[in-house]
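First up is the structure itself, then whatever we jot down about it.
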Amino acid sequence: MEEKKETAQMTQETTPKDSRVIEGVRRSSRRSHAEPHSPKKAYEVRDRRQKRSLERDQHEDGTPIKRARLPREQSSTRKHPIVLLSREIPEYHTETMPTPKKNYKLIPEQVTELSEYEIERLNNIKENAKFLQSLKLLETASSLRSPPKKQNQTRGIKREKQTKVERQPIIRRSMRLQRIDPSGAPLPNVIQPPEPLLEEHPVKPPGPLEMVPTNLKGDCISVEEFLKTWASTSKESLRSLKKQPSKDFKRYTACLQTMTLREETVAKVVQNRIFSVAIHPSESRTIVAAGDKWGQIGLWDLADLSGNDGVYVFEPHSRPISCMSFSPVNSAQLFSLSYDGTVRCGDVCRSVFDEVYRDEQDSFSSFDYLSADCSVLIVSHWDSYLSVVDCRTPGTSCEQRASLNMRSARTTSVHPVNRDLCVVAGAGDVCIFDVRQLKKKAQPVLSLTGHSKSVASAYFSPVTGNRILTTCADDYIRVYDSSSLCSEAPLLTAFRHNNNTGRWLTRFRAVWDPKQESCFVVGSMARPRQIEVYNESGKLEHSFWDSEHLGSVCSINAMHPTRNLLVGGNSSGRLHVFHD
């Protein structure tokens, strides 16, 4: 007992006065490694263990030690819980004991002792947190973040949101045996004929249609002002058309470098994919037109700053408008041709779309002016027919119709000097016909060879007609010499060009520039998106591109006849106007 008292006094001297002692003892059922074999030794071992346990659970004066069990979730196992043994703390320890931290709760009978290492670790954590807070890293990171990029505001008409159609659940039972329809009504005994299906885009009625915009509701003042502007600019354009095209090629290429695209010269003009583009020949006012997939014609006056951004949408057709042109003689008239089998003339002076030619049993593909005064048209049909239409005669029929020895007729172009000749592009062949020899089964005067796939377009050069430009699906653009059409038209240039637009883009159609008939413009599949200008030798003269405002493929393009102005239309109904 004296030895135990001495060891207790030594432990009290080494233990700091300002700390409380909590001992954790895990009850264990471990047996000793050396088990006695005799019963007498076994009893002696048992007595020694009981004596040690009694001494461990009592104070020196014989009072029992209070026990505190940890909660079940804090104990490692249910079989061996951790027991905290707390000794009664003398009175002189409470005065010198340090105040506990906020995160620790002091139990009257239990106090957790922290080692010097743990106290130093907590102090280091606090100092590191204060140091990181003094650096202000979060404020610096938030200030370095770039501001959100401003989105370009969409000009013109807005995209219509399609309403979602909720589908009714399918009832898994026999309606036929119950003699009821899907709505639950009893079926009649007499079988009635099915009701005709309503078309989403019905065919327009025959006869003239009024020029009433579909994107404006009740705003008659702006419509009247636009029509007056169109009529007044048409009178001025007659003088500008008399100018001859420029012969200075260096000056022409220099002007191409000055043409740029701006945010205010991009607008959505129609709702769907653009199939044709036309430019008003006025030099004082910029008016462009676009025809889309479902018969809409969008007219855009770039100088009009009204609430509709100068965009006026009309619906004279019900199917794709594949060809459209302002009359070279009277620019107050806009001719349009559609797949629905109609050719109409939009007369701004009378505010109507007159019907020039109608054939409901057939589908039209293209047209051109056969006479110099633009009173006679030649129309190509998809099923390989040519029709001659005189706009001066009453009615909506044609004067002459001939079947071509071709699989189809996609485009037709009249020779600008010898107007009895026209070139027709079809499915794999390009032929030149003499209109005077058109019969029920017309034979071509000349055929242009070398095309291995379908030809999208073929056009005479706009001034002399000495060149023929073709765009083919075999990824080639070809230029033929048509100065002498007696025996053959030799191939001058054939260069590779990616014409594989796919299903959802309008096919490329390379067209001549009226200001420089040795150059032509065509869309491109290259990135960044661009519109390309080539000369007749196949050399790339210039590429129009703008990474900020031009982000799509412009399949259909057109050049102004006298001004440095280019218009490109894409498959979402937008027009992009490049000008100096």
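A Cβ is built for glycine as well, from the same backbone N, Cα and C atoms used for every other residue.
What Swiss-Prot says about this one:
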type	residues	note
REGION	1-82	region 'Disordered'
COMPBIAS	15-76	compositional bias 'Basic and acidic residues'
COMPBIAS	142-155	compositional bias 'Polar residues'
REGION	142-165	region 'Disordered'
REPEAT	269-310	repeat 'WD 1'
REPEAT	316-356	repeat 'WD 2'
REPEAT	359-399	repeat 'WD 3'
REPEAT	404-443	repeat 'WD 4'
REPEAT	450-490	repeat 'WD 5'
REPEAT	500-544	repeat 'WD 6'
REPEAT	548-580	repeat 'WD 7'
Short question: which residues 6 or more past the ends of the repeat 'WD 6' (500-544) have a Cβ under 8 Å from it?
245-246, 249, 252-253, 256-257, 259, 261, 273-275, 411, 456-457, 459, 461-464, 467, 469-471, 473, 475, 477, 479, 492-494, 550-562, 566, 568, 571, 578
Taking 316-356, 450-490, 548-580 as candidates, which has the most Cβ pairs under 8 Å with the repeat 'WD 4' (404-443)?
450-490
DSSP-assigned states of the repeat 'WD 1' (269-310) in counts, ordered helix, strand, coil
0 helix, 17 strand, 25 coil
Please list, for the repeat 'WD 2' (316-356), how many residues fall into helix, strand and coil according to DSSP.
0 helix, 23 strand, 18 coil
Rounded mean pLDDT for the residues that make up the repeat 'WD 7' (548-580)
96
